[in-house]
């Protein structure tokens, strides 16, 4: 995605304009000082910038990319008299962008030897939204078409094949001579049209290596557009009038659509599903691929920094800054035939096969061996881990045995202390009375039992988790003596159990059984590995059959998976090593602690022996204290033993964690194994797919061969058809000669038909369109009057509504006043009850007056209610009438819309008929051309006749000369005969006379025959001369008719052009009128909608007023009823008072 490259070029200013200029240029930014807006671009050139610098910034790269197959577009944008044409065309001293691009293009083509190129050139202009061909000035009003193969193109545009830059520049000068240029107040030579200089570059690889079959025949087609836009202008500054004003309006319209397209593209409207108006102008339609499409695009924005043109300069810079945000997606344009695609695919398949064979021979065997080695190493490491765990378990069993031995030794030591001197117990009991105050008494016996039980449980059990020892006061020695037998029994029992354990030492441990099961699994796993080896051998055989490129991808995936497995294996080995190191460290620390405990036990034994010796030697009270201290030492030793057991328990837990981690590692290895199986299955699938691809390729090759055979048969058929077509052509040539005579009649018929069509078109344009316009105008005026009437009625209704609202407010005020009167009446009644006689008389005089007033007001309110109801009814009737009128107006509008649609359809039909007339005129032109050809043929035949006439005259002269020669011969013979007759004798006079008579007769006969032949020849000559004269007259008549037909054709073409102009003007007027009518209809519809809303609101308000009025009237009626009842009560009370 490349965005549009924008460069800005400022035109040099006069010294006066330079002094007053507000714009400043610094680097690649342009701004006005003390102003917030700063414009930054890719490149900004001041007045001293040259065209060569502008060309080398971006245009040179676009030209080089066009040779490689990328589309490119460069166009100059700016206001009038800003230097666009100078930038694009330049001069002889300083060539512009187009000459430099052409020279660079041919230089690049000469340097590229590997490809052969074909260049075509076209040059067009867009004048008043009409496309004209500058290389063929007769080609005007060309149309834009779109095709899948060619994309967007201009139909009928001449494309010249060029071979040199001089030829291109000469053609460009020829096109420039036909370009529309005019004079304005701002510029003497102002471009009045947009020009697009287009180079179409086709290239392909040179076919030198076709024998090897390495060429792919892909054709690259790229288009280079160099556009010189006409400048935007203001009529106030240029002083344009008439034709110049029309040209300027079309130029501004096309540039405005270009600006809207750039704006929409910069806002990414198209990606959001919006519409970009490319079709609103022919310029944007032709340049659609360059605007956000498949092309490299550059814009050269030309500006003038004069103070007078500040607004135009600012708008140009805003356009350029918006264009900076537009992105294009340029791609190489290649046209690939089926044969080229097949060649390219075959080439790629051969390359992939070569890669496969090389890769398989070099890497597959090594990878399989590496996989086997990694699997074997994993098996060896697993067995090593199993052996290490077995050794750990053996050391753990040995350590447990040592713990049992230490416990037994502790029991033996305690038994030795307890059974050291049993005889002294009697003496101790005897002295119990004298030493009773020392012993703590029966309270300590319970604690001693607990201590003994805890010691017993500690010594007898070999479980890792044990309860802690309860520390208590020392037990008296006599109680220890009493319980020696139980301890001894327990020791014996423990020794028996130990012996049983030693006898049962050969039984297996449950953990060992687990190892046995694991080893069995290992053996099954080895079987599976052997199966996997077989599968790998099968895969190797399958790899040999792979011949497509997907195998390479599979091997790469396998390599990646193997690398992942190796990384995971290394991580698992590291985890196992860390666990093993931790276990060994804990074992070492446990062994050290056990050795320390053994040393302490040895010391305790020595201390016990010393204590026993002291007990034997001395039996005093001090010995008892010593024994108590020894028992305390034994208890400390037991607590240390307990702590060591807890440490051993923690070590065992760590070993259990290590076994769990090993089991998880086993599961991971099993997962790896399953993944390897899955990979093998995927490889099988890929192999099957490759086989399918090979089969598909073979099928396609066979199909292509069949197609080749079919094509050969088709070629033979085509050759036969060509021969038949030659024969048909000969027969058609003969038939054409016959048809030439019919063409003259057809020409006359066509001329008469064209005259009738012209009359019909004139009638249609003059009568129907004018009448329809008048009817439409009348209908619109009627609709306008009706709309005005409805508006006035609605205004009256709104005024009456306001009046009703005022009356409603007055009624509410009167109701409030009546409420006040009621309240006053109630107060008067209360006062009447409280007051006595005089006040009652006064009240009797005032009360009838208030009642009369209230009755009058009540009557007035009833009258007002009746009047308001009548007004509401009249308003409803008026509203219904207004609704009917609105419906009538809507129906009239619908009829007008239908009439407009009918008019548009008639216009379409008339345009189609005009196009048909044009086609018929073109056919007539063709027939006139054919008649010209026939005339030429007639002239040639007349020439032949003249030649024959000359030949006949020559033959006649020759015949006359022969006759004269014969006469001379005959006269000479006669003279000779007469001489012979005179020499002979007069005897022969009779013979001579006879002979002379015969000869005279013969001569007369011959002369008569000759004269007859001469007369015939003269008549024939006269006939020929008459025929020649007739032919000449016919030729003159044909020439006159042809001249008349040409004049008539010219008149017809002029009439048609005038009719086209009129039709175009009528179209424009009709379009404008239809647009106006549509605008009027839209306005009227909007007004009708507004009136509808107002009418609805008025109806709703009237309904609400009716409801409120009804509620108020009901309230008033209720109030009047209540007041009437109160009055009746008051009258009754007054009557009662009286």
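Note that Cβ sites are derived from N, Cα and C of the backbone, with glycine treated the same way.
Per TrEMBL, ATP binding site is recorded for 78, 79, 80, 81, 82, 83, 84, 85. Annotation comment: TrEMBL describes 332-393, 548-614, 701-828, 865-962, 1000-1122 as coiled coil. Residues annotated as compositional bias 'Basic and acidic residues' in TrEMBL: 488-503. The domain 'Kinesin motor' annotation in TrEMBL covers 3-326. The feature region 'Disordered' is assigned by TrEMBL to 488-509.
The Cβ of residue 83 (ATP binding site) lies under 8 Å from the Cβ of 9, 11, 302, each of which sits 6+ residues away along the same chain. On its own chain, residue 78 (ATP binding site) has 84, 229, 231, 232, 301, 302, 303, 316 as residues at least 6 apart in sequence with a Cβ closer than 8 Å to its own Cβ. Taking every protein chain shown into account, 79, 81, 82, 85 are the binding-site residues, and of these the Cβ with the most other Cβ atoms within 10 Å belongs to 82. For the recorded ATP site, residues 78, 79, 80, 81, 82, 83, 84, 85 set the reference point as the centre of their Cβ atoms, and the other residues of that chain within 8 Å of it by Cβ are 11, 76, 187, 231, 302, 304. Around residue 80 (ATP binding site), the same-chain residues at least 6 positions away in sequence with a Cβ under 8 Å from its Cβ are 184, 186, 187, 190, 230, 231, 232, 233, 238. A sphere of 10 angstroms centred on the C-beta of residue 84 (ATP binding site) encloses 26 other C-beta atoms.
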